[in-house]
Ligand code: RVP
């Protein structure tokens with residue numbers, strides 16, 4: 001006889017937080033968003049603590065190295081996706097681990113034999129006006145020269161002419177060796193009145209560019225998430241098919257955290273893969289998921305998961321519920337799994353953090369997820385809107401949009417995540433679409449963080465554990481949900497949600 005689980009499947013939109021008393025010392029500046037990322041002894045510190053409780057979705061359209069760098073600089077963690085070759089994922093891990101503030105990996109690169117028309121198109125795409133000319137057109141080839149907006153104007157110069165006709169050759173460009181520090185590079189930029197200083201290895205291959213404008217950048221990020229060697233931290237998604245080969249390569253490249261990525265993680269395959277990983281790499285944190293109830297949480301925690309991801313079918317691009325009829329409202333799932341996490345802690349003395357993954361549309365949904373017990377959140381749609389996400393930025397009737405597609409869509413065809421039997425995707429579980437463009441991640445996330453801190457202040461909490469233990473939630477009726485929105489027509493301002 002089928003079992004009907006008690007309780008309605010509820011979403012974040014159905015809840016509001018009641019304000020608690022705000023003490024005098026409870027102000028946004030006092031709010032600390034630190035949160036544990038990995039399993040630890042209850043009452044002790046987690047081996048890795050997020051400085052802000054945000055992680056990026058394990059998706060092609062979301063977690064590029066650029067996005068992972070920007071997120072780690074803001075205290076969160078990017079998870080590089082695994083729906084590609086091991087070598088490509090390893091390169092992305094290296095790109096994040098090798099990031100040095102102020103030292104930029106050149107993204108506008110050409111060969112001397114490319115045309116100026118090609119260079120013009122590339123500059124338009126990247127939005128940058130300094131191009132490196134390397135022997136093979138790559139970001140790490142032998143540097144032959146530079147072309148900047150001072151050397152070349154699309155209207156003035158023949159688009160059919162070669163890059164070599166306008167480039168300033170390397171023997172006329174001041175450059176530096178790899179061991180230069182940022183303050184030494186900055187001194188040279190000012191003393192020699194340079195805009196850009198290329199940094200080369202001993203064989204003349206390009207490593208980085210240092211721009212005058214980037215020097216003060218580092219000071220902007222007091223909550224960077226870094227390892228013991230001050231390198232940014234990065235996570236990587238893995239799957240239950242090729243983990244025996246993929247994980248050693250990722251660990252060798254310096255990855256900080258792994259996460260088994262599956263639309264339904266309540267499976268023997270995932271338990272086996274977690275156990276294997278903990279046996280061979282006990283020092284590396286590894287998460288599991290996704291799950292929506294307490295049994296599945298306990299199953300993965302017992303298999304060795306260092307954190308568990310919650311959410312099936314709630315993602316903005318997800319059609320799993322339509323296609324397979326499985327899933328659970330994200331609020332109910334988080335509440336249930338949080339209770340299981342606390343029960344597991346009381347029983348074993350081990351705290352296994354949980355992550356609310358998917359379905360966070362408004363900033364206040366993040367506050368609700370945290371109040372309901374999530375230690376941190378994972379987001380796709382939210383991050384896909386920013387400049388740093390890999391999707392193309394396209395003009396629309398109302399402004400700009402960014403491409404965003406699900407891992408279960410025909411575009412991604414991530415059969416490793418959507419195990420439908422065999423090594424192919426038989427039916428789609430995700431859509432391929434657009435999200436409103438939201439500009440720079442640093443600016444957008446700063447606003448989100450300000451809102452979450454303001455919510456916590458209204459609820460009288462300055463830390464996430466305090467927020468979780470004192471928050472009071474109410475269910476909203478349809479009428480009161482409508483009352484939540486302005487009933488006066490707003491002036492014409494862009495909406496980003
Ligand atoms: P959202 O933030 O609502 O865009 O959801 C992102 C999450 O959706 C991912 O972290 C993943 O769990 C899930 N996802 C990714 N692809 C798909 C799909 O194609 N159905 N779903």
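Even glycines carry a Cβ here, placed using N, Cα and C.
Keep in mind that TrEMBL annotations are predicted by a computer and have not been checked by a curator.
The model shown is predicted, which means the values in this text are computed figures rather than measured ones.
Noted in TrEMBL for the protein shown:
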ACT_SITE  318  active site, thioimidate intermediate
ACT_SITE  417  active site, proton acceptor
BINDING   261, 262, 263, 311, 312, 313  NAD(+) binding site
BINDING   313, 315, 318  K(+) binding site
DOMAIN    103-162  domain 'CBS'
DOMAIN    167-225  domain 'CBS'
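Distance from the CA of residue 261 (NAD(+) binding site) to the CA of residue 417 (active site, proton acceptor) is 6 Å. Compute the center of the Cβ atoms of 261, 262, 263, 311, 312, 313, which mark the site for NAD(+); besides them, the chain residues with Cβ within 8 Å of that center are 264, 265, 289, 290, 309, 315, 320, 357, 358, 417. Rounded to a whole number, the distance between the Cα atoms of the residue listed as 'active site, thioimidate intermediate' and residue 261 (NAD(+) binding site) is 15 Å. Candidates 262, 311, 312 (binding-site residues) were compared with residue 318 (active site, thioimidate intermediate); those inside 10 Å Cα-Cα are 312. Within 8 A of the CB centroid of the K(+) site residues 313, 315, 318, the other residues of that chain are 263, 311, 312, 314, 316, 317, 319, 320, 321, 327, 358, 359, 406, 429, 430. Across all of the domain 'CBS' (103-162), the predicted model scores a mean pLDDT of 92.
Between the alpha carbons (Cα) of residue 263 (NAD(+) binding site) and residue 315 (K(+) binding site) lies a span of roughly 10 Å. Secondary structure at the residue listed as 'active site, thioimidate intermediate', as computed by DSSP, is strand. Note: the CA-CA distance between residue 315 (K(+) binding site) and residue 262 (NAD(+) binding site) rounds to 13 Å.
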